[in-house]
Structures are given as C-alpha cells and as structure tokens.
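Below: one structure, written as structure tokens.
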Amino acid sequence: MVCSEAGVGVDNVDVNASTRNGIIVMNTPNGNTLSAAELTCAMILCLARQIPQGTASMRAGKWDRKKFMGVELFGKTLGIVGLGRIGKEVATRMQSFGMKTIGYDPIVPAEVAATFGVDFMSLPQLWPLCDFITVHTPLVPATKGLLNTESFAKCKKGVKVINCARGGIIDEEALLQALESGQCGGAGLDVFGEEPPKNTALVNHPNVVSCPHLGASTHEAQRRCGEDIANQIVDVVKGKALVGAVNAQALTSAMDLETKPWIQLGEALGVMGQALAGKVNDQMKVKVTTLGESLRTAKNYLTSAVMVGLLKGASENYVNLINAPLFGKEAGLSVSELFLYFCVDLAFQF
C-alpha cells in the first residue's frame, strides 16, 4: 500500500503507524517549490511596503500616505536559513531586486551556495547582518525555535522575518516580544505552531502579515503534486524506484527489476536462518555481509529482506520490507551490516 502526500510535509500522516502496517508513505517535494518560493517573495515585498496594512486602511475609508512609509529592497541583505530547493529559488528571485543574499544550511556546501549567488556563513555570523530573514528548513529538534529570544537579540533592530516553511521554526512567543519591543520590525507568517492558531496575538499584530498556510495553494502546484503522486503510484506498480519515500528511504531502489532477485535471495536466507535457529528471540544476532562494488549500496534493502524472511511465521504481524526493521528491533534482534570491497576469509568476520 502507498500513501502519498501532496507536498513536502507529512504532518497529517501517522508515519509510525503506516510503517508498522507496511504502508509506504511518500511525499512530492518538487511540486510546490515555485509556489512556496513566490509566496515567500510576496511576503518580503508586503513587509517592505506595508501593502496589506495600506489596503486595510483604504477599506476603512482612510487616505493615510504618511503612516505606511516603507523601505526599498535594493541594497538590503536577505538571510536565507535553509538552502534547498525553495531557498535557492527565493535567493535568485530576490537578487533581481538588488538584494544581497547570505545563507546557512547544514548540508549544502558553501561552494554550491555560491553557484546561485548566496554567501555562505554560520548562523552567528548571519543574524546581525540581515535586514530580512526567511527560513526554509524542516521542523526537526535542531530547528524548533531556531529564531528565539537569544537569536532575535543578535539581529539588527527592526529585522523582518518570514516563515513559509513550518510552524515552530520561529518561537512565536519570542517573536511577539520582539515585535512589541521593536527588535523585530515585522513578520510574514504562512505557518503556525498550531493550525489554525487559537492564540491570535500574532495574527492581530499590526506589523504581521499572515496567511492560512497557502504555500502550495496554487493551481499549478496542485496539478504538479497530483501528477507526481500518480507517477509515484504507477512506478510502485511497475516495480520502479520509490522516489519520495519518507519511511523507506533505504528502499528507494528496492523495486528495480535488477534488485528483485537479490531481495528474493535475502528473504530466502532469512527463512533459512529461522529454520536453523528454531525460534526468533532477543539472543539472536543477524549480520548481513555484502561483497563487491555492485552491492555497495544494497546492504540496506538486503538487510530488510533478510529480516522479512526471518520474521515471517515468527511474527503475528504482516511483515514486509517497510516494517521488518521495526519488528526486528521490537523483537530485540541484534542486526548489523558489513560491506567488503574484496574477498577475504569471511570466517574471521563472524
């Protein structure tokens, strides 16, 4: 079974339960890249020129030209935290306005960032230089509350921040305090820690531009995501690569026709191991050894295949390549992997 999500996040999918039931959870990370990047750019423009506030004033019957004094983007510095697909697209677009783009990413190397015009630097170096900061990271323990009271204190007074990625990356309480003190001059928020937000203090703040999570809400993004999902399902049925698998990254090539014989062999070895052991228990040690360049990246799915064969009949659960590692761990099995470039006396490896 396959569960595909239209977009990057799988917040509304119980990935652990899906894994336990052998369901492949997949996302479509490329479908909404441009739409999310364009919304980020729109937020930057709105914060620079107070467009929503001016619109609200006009609707109230006012004509207040002095109240909504803005700033030019030309010559300003944009800090981009997260230099993946969306961060890259934001950088290239805002460079067209004459903005200097600096950024940080724990994975993207500095030389790669330089290819799309971003000066790479650490977060402590980045904070005090930015006029605008936009975040484009997943929400993981390392990024939760990334912009907090401490980091706001290191920023320029009046810095403007944008979050069109995931709620929780910016500490909302710290953001509200920074807005009230003037340390933060404005915020563009498309996402919140709780959606919809029950605490509306941020949404109602005069210097906040907010949207109800519209990053992927364009006709084009929805069409692309739909096409990506359809292609994913077709690929699974045809036995092609599992592109976009969230809970089975190690099995991205496990469906290839060239791989299937190895998976069948792995399962057969697992069945043999169960027959020899008699009973699967927490005293068992499983070591999967692969040999030769052609199997250099095969150990992950081969290990899963061996676990399937080992646990079939020994577990009351339905076991497949997706959930076998989980059930093996719960059974207390000690599993290890070894890759050898050339043949040695394997007797010394056990």
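Glycine residues also receive a Cβ, built from the backbone N, Cα and C atoms like all the rest.
Per TrEMBL, the features are as follows:
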- 4-247: domain 'D-isomer specific 2-hydroxyacid dehydrogenase catalytic' (DOMAIN)
- 42-215: domain 'D-isomer specific 2-hydroxyacid dehydrogenase NAD-binding' (DOMAIN)
- 260-337: domain 'D-3-phosphoglycerate dehydrogenase ASB' (DOMAIN)
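Sorting each residue of the domain 'D-3-phosphoglycerate dehydrogenase ASB' (260-337) by its DSSP state yields 41 helix, 13 strand, 24 coil. Residues belonging to the domain 'D-isomer specific 2-hydroxyacid dehydrogenase catalytic' (4-247) score a mean pLDDT of 93 in the model.
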